[in-house]
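> Structure below; questions to follow.
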Amino acid sequence: MSGAPLPGAAPAAGGGARIIDGKAVAAALRAEIARRVAALPFRPGLRVVRVGEDPASVVYVRTKDRAALAAGFDSATLVLPAETSEAELLATVARLNADPAVDGILVQLPLPPQIRSAAVIEAIDPAKDVDGFHPLNAGRLASGRTDGLIPCTPKGVMHLLRHAGVPLAGARALVLGRSQIVGRPMAQLLLAADCTVTIAHSRTRDLPAECRRAEILVVAAGRAEMVRGDWIAPGAAVIDVGMNRLPDGRLTGDVAFAEARAVAGWITPAPGGVGPMTVACLLENTLEAALARRG
Ligand SMILES: NC(=O)C1=CN([C@@H]2O[C@H](COP(=O)(O)OP(=O)(O)OC[C@H]3O[C@@H](n4cnc5c(N)ncnc54)[C@H](OP(=O)(O)O)[C@@H]3O)[C@@H](O)[C@H]2O)C=CC1
Ligand SMILES: Nc1nc(=O)c2c([nH]1)NC[C@@H]1CN(c3ccc(C(=O)N[C@@H](CCC(=O)O)C(=O)O)cc3)C=[N+]21
């Protein structure tokens, strides 16, 4: 990569990257969803299922429930004990599948070790799969269809890239991470937006060099501040999906923010970037599922 800024990516006045304010974009999206819900003759129904008391899951599920209620949804959280069997969780999913008032079902991950998450995900009615993790929805996305239920975190990243005006068609994009919930669907969405996409992971050779080639760098590795400033092409758009709890209790992303900000053209903070968009897109998916089911 040469040191020249990428096209359309001149640094913001004052030097350094433009900061993409995910919290503000998410608030606007939530307000728009609330307006659309208020105009409906019914309330979209969301059920979030949490198994056990994993502290991060307790916080995330509460955030989702509050956001759904604030947007006018009929939302409730079902809490099952940590020792719940797979059969018991499948019975809960079957009941929610059969309930006509329920438009969206989200089973919070990770699940306790006695439960196979793939079996649970496959049991969710694909029309109510607001996480977009069911193989039918994942397969549609992998076939190039972007009109179905799309996983919330990568969908939120695409909103942020479009909001910021990052050029997508023809851009070299690198996705760091290949999980079912973030990396893989993220790569599919960037491909559908005509990026030239590379997926990197723990077996990738010379990861810093791969990152340096990217005009769009989406990082979802789950390693605190692993992406350094000198891994980033001048002017690149850097999207930090990571959420890592440090020993001192602070939350940080997968990107060394201060270093990266000095080089990048755009950057998301973490927290305050992708996380709030995940929640807003869950509401968007629930509204879409409700309109498709009841429309
Ligand atoms: N903001 C939000 O809304 C959300 C944030 N997150 C956060 O995003 C991060 C990723 O989540 P998730 O996808 O579920 O995580 P996973 O652990 O499922 O996947 C991590 C991926 O990163 C790769 N990876 C890990 N370490 C390295 C390394 N040192 N070098 C190269 N690649 C590496 C792994 O490679 P391999 O496949 O080879 O093991 C894997 O593909 C986490 O911090 C998580 O907390 C997740 C969901 C939503
Ligand atoms: N079935 C399922 N679907 C998910 O979408 C799912 C999941 N399981 N398991 C865990 C991950 C993680 N995740 C986040 C949601 C919101 C924030 C979020 O709101 N973050 C805020 C701050 C949060 C805080 O301060 O603790 C922010 O980044 O600003 C983060 C992460 C959804 N996930």
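All residue numbers here begin at 1 and follow the chain in the order shown.
Backbone N, Cα and C define each Cβ position, glycine as well.
Where the annotation comes from TrEMBL, it is an automatic prediction and has not been curated.
According to TrEMBL, the protein carries these features:
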BINDING   Gly177, Arg178, Ser179  NADP(+) binding site
DOMAIN    20-131  domain 'Tetrahydrofolate dehydrogenase/cyclohydrolase catalytic'
DOMAIN    151-291  domain 'Tetrahydrofolate dehydrogenase/cyclohydrolase NAD(P)-binding'
> Ranked by the number of other Cβ atoms within 10 Å of their own Cβ, which of the binding-site residues Gly177, Arg178, Ser179 ranks first?
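Checking each of Gly177, Arg178, Ser179, the winner is Gly177.
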> When DSSP states are folded down to helix, strand and coil, where does Ser179 (NADP(+) binding site) land?
coil
> With a radius of 8 angstroms around the mean position of the C-beta atoms of Gly177, Arg178, Ser179, what other residues of the same chain does the NADP(+) site pick up?
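Going along the sequence, the neighbours appear as Val175, Leu176, Gln180, Val182, Gly183, Arg184, Ile199, His201, Ala220, Ala221.
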> Pull the DSSP breakdown for the domain 'Tetrahydrofolate dehydrogenase/cyclohydrolase catalytic' (20-131) and write it out as helix, strand, coil residue counts.
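Going through the domain 'Tetrahydrofolate dehydrogenase/cyclohydrolase catalytic' (20-131) residue by residue, I get 56 helix, 19 strand, 37 coil.
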